[in-house]
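*Asks:* The domain 'SecA family profile' annotation in TrEMBL covers 3-673. Under the heading coiled coil, TrEMBL lists 14-41, 874-901. Positions annotated as ATP binding site by TrEMBL: Gln96, Gly114, Glu115, Gly116, Lys117, Thr118, Asp554. Feature annotation from TrEMBL assigns domain 'Helicase ATP-binding' to 98-287. The domain 'Helicase C-terminal' annotation in TrEMBL covers 464-680. What TrEMBL records for 905-930 is region 'Disordered'. The compositional bias 'Basic residues' annotation in TrEMBL covers 913-930.
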Amino acid sequence: MIDWLLKKIIGTKNEREVKRLRKFVEKINQKEKELDGLSNKELVSLSKELFYKVSQNEELKDQITKGRITEEVILAFALVREAGKRTIGLRFFDVQLLGGLVLHEGKIAEMKTGEGKTLVATSAAYANALTDRGVHVVTVNDYLARRDAQWMGPIYKFLGLEVGVINSDYSSYRVEWVDEELAQRAIEEDWRVWPKGYFEELLPSEMVNVSAKKAFFTKLEPCDRRSAYQAHITYGTNNEFGFDYLRDNMAFSLEEIVQVKDHHYAIVDEVDSILIDEARVPLIISGPSQMDTSIYYKADQAVRQLRRDEDYVVDEKNRTVQLTEKGIRKLEEFLGIENLYDLKHIDLLHAINQAIRAHELFKRDVHYIVKDGEVLIVDEFTGRILPGRRWSDGLHQAIEVKEGVPVQQENQTLASITFQNYFRLYQKLAGMTGTAETEALEFKEIYGLDVIVVPTHKPMRRKDLPDMVFKTKKEKWDAVVKLIEEEHKKGRPILVGTISIEDSEHLSKLLEKRKIPHNVLNAKHHEKEAEIIAQAGRLGAVTISTNMAGRGTDILLGGNPEYLAKEILRKKGKIPETATQEEWKQALEEAYRITEEEKKKVIELGGLLVIGTERHESRRIDNQLRGRAGRQGDPGESRFILSLEDDLLRLFGGDRVKKMMEFLKIPEGEPIESRMVTKAIENAQKRIEAQNFQIRKRLLEYDNVANIQRQAVYSMRRDLLEGKDLEEYLKEWTEDLLNQKIAELLPEEEPELWDLKPLQDYLRELAGRDINIPKVRDKEELLEVLVSEVLKILEEKKEQWGEALFKEILKTIALSNLDHLWREHLHILDRLREGIYLRGYAARDPLVEYKKEAFLLFENMLFTLKERVLQDLIRVQIASQEEVEEQVRKEEEERERLLKSAIFSGAEGKADKPKRKTLKERLREKRKGV
């Protein structure tokens, strides 16, 4: 009661937020007449001044990044509104400005379908691009990324900003004027699509300056990937932003990195789809390891000549192996090579290490079984066979050779990240959708994002009718077809939503039998679909759409005049992009006339009818379908026609409805239609949503463990790539490694009790020579002496090779080992995660156990990295600069091969080859540097 009274007096939290933001909207409105009086040239000049003022002031930049609504932000929004009027003939409504302010503050704006979310994003994108820190606008598919960038491009270009687009086939674009000369002329001569001094909300079609509209057309000009990211604003899909991040962290040179700016600000369109629906699908780059398999046979033969403890030592605790001096000499003799640690033998050395591990650390019928000529992994936590899973980094091949079965090609995870953790990289994150309120708790808990419901521009006139529930699917489909037939005869446009392509095709066949013309959309051709759904509001249109189809495209009653104008031009044999101003003007005038006439008739018929044929697990998806009708105050109607055989009702809550139907003695073919039934279905959906949220939350808790480690590895990798503090890393690694070894091999504190032989043996293996251990007072002094000795050996190498070459070799060895070990570590974490739930049976929290073991595994990985880098660096012999270049070439070719053949796993991932500077060019640059 008290809560109700408080809400009545001071309003809900959402109402208070909207009221607060309206004050800023008023300030933006106050600038409209002032800006309207400026010429195009003056407006462009004002935008340039504002960009310079903000981009050169760190304090202002930080304020904008934090979402503060400063005077500069108010002016930025006013400039975007004015530029929108002059270039594309669209004027922001107050609620659109309000939505933009929500985005600027780093929140989610829930705006109903048809409220103009694409336009809304431009205000926040422009305001934040003034910092010159980069803005990413994220869409759900490639077509929408291209369409939105090109559609809104005139606003940005007019205001002096550059816009880039990234697509999934590794194609990238910059938005440019179709006719640069004409656009500049339009600016100079003050051409405006929206007439000066006109301040109404909408511009009648007869008042549109078609010449100005054509002058401000933009096109997409192909460019390299890095250039698209260097633009002030970059449009692209969630998959591609994520994949580029992973690719950048596999790069072997700085020139390969494309995301040159930090993750500053992202506006995510259809934020619920990307951050919730796809949250459980990680982005994974995996690929075959196409190393010549003969190397594994060669390594296995060589290892069979060795003896444990004499030629190599095994650390079962850390699951590592180490060759001794004697073992190295024996291998060199057997293989007929001078120096096993020569750079050109690094792959063979890796295969030998894996062969020793295969023989010593992996046991048949314990870690794996051999069945039908295949090595099958046994999950050490569950004891179950893991069909289709393979150990990475050549280990599986080494075991196959050991067991004498055919060696299969390797597929390994090269890099991965979840959308949840990718988008949390951004300093500021915002989103837009028509339906977010139902998931507000999840957005807040996982991403720290508040949801603000933005009021509609005009009151909602859509009627949401109660659900009709039939006993069988056949009865349901008969009712759907009957309703479509009745309304189609009147000429009313109808949109039918199905939850599967199979259902779409089934309904399509039923409509064909009744000879009802219709379009079927199934998300295979986004471009074509967008065009069809844009015209789904025309008289007599019947459109069947799956959940995936048509998102991002507005259904206008009577049809979309610009799409229709293009169709008119094509019918006349003209290409819309190259049509003259006069041809465009005539086509647009005809299109406006047709759509206006049809709109009046459609409104008389009650607007768009939306029919849902099955309830989704999430109310949000159902609301998205309903939201197609009743846009911008238009009339409309929605109804769900269901059956007790639908999945949701069959699994959740269907019994209650069935009993109700039996009690009321509902005859066959008749539905039960009541608000109580609709409420029962919504309650079932709420229960499922809560369950799914807990699952996603738990998955994220596990992924957060890997994410912390990923950040540490990627940070170290970037430092190595940039050549930052290489020798500091080396010194630190030497200290860490020797400190750990001293603690392990000399457990006693008193020097008199030390047995130095194991430590001397280890130092000999590490440094390739004897290191004298003098008498010392304690372990601290011993560490200091040994670190000094090892660093002296490294200093000798530096003097021998020269500083530049030493750093290049160190970087190559460190990156190579880090990449190998990280890939292996990801694989081990996957296995650990799959079996960890069994710890719950022992009254231990699986997540706590996972965190502990993952931490220990990561510590072991870092220890192995330090050990391998030091050993390889000390032992490597360089005969010439050509050998260094050859090794660099091999490492880069391996990365390029991996990326070329990689599988990019995600909602719409593809294997795309990055376009980079040629290998010869990079090697030439490196050689000049030496």
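Using N, Cα and C of the backbone, Cβ positions are placed for all residues, glycine too.
Automatic prediction, not curation, is the source of TrEMBL annotations.
Map these features onto the structure and tell me what's around them.
*Replies:* Long-range contacts of the coiled coil (14-41) within its own chain (CB-CB distance under 8 A, at least 6 residues past either end) are made by residues 69, 74-75, 77-79, 81-82, 86, 94, 97-98, 101-102, 158, 186-188, 190-192, 196-197, 199, 452-455.
Residues within less than 8 Å, Cβ to Cβ, of Gly114 (ATP binding site) and separated from it by at least 6 positions along the same chain comprise Asp554, Ile555, Gly627, Arg631, Gln632, Asp634. Under the DSSP three-state reduction, Gly114 (ATP binding site) is assigned to coil, being neither helix nor strand.
Summed and averaged per residue, pLDDT over the domain 'Helicase ATP-binding' (98-287) gives 92.
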*Asks:* Compare all C-alpha positions of Gln96, Gly114, Glu115, Gly116, Lys117, Thr118, Asp554, the record's ATP binders, and send over the largest distance in angstrom.
*Replies:* 16
*Asks:* Can you tell which of the binding-site residues (Gln96, Thr118) has the fewest other C-beta atoms within 10 angstroms of its C-beta?
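*Replies:* Looking at the binding-site residues Gln96, Thr118, the Cβ with the fewest others within 10 Å is that of Thr118.
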*Asks:* State the count of C-beta atoms found within 10 angstroms of the C-beta of Gly116 (ATP binding site), not counting that atom itself.
*Replies:* 18
*Asks:* Looking at Cβ-Cβ distances, which residues of the chain lie under 8 angstroms from Lys117 (ATP binding site) while being 6 or more apart from it?
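*Replies:* Within the chain, Lys117 (ATP binding site) has Cβ neighbours under 8 Å at Gly99, Ala109, Met111, Asp269, Met432, Thr433, Gly434.
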*Asks:* Given a separation of at least six residues and a C-beta threshold under 8 Å, show me what packs close to Glu115 (ATP binding site) in the same chain.
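*Replies:* Within the chain, Glu115 (ATP binding site) has Cβ neighbours under 8 Å at Val95, Gln96, Gly99, Gly434, Val454, Thr456, His457, Arg631, Gln632.
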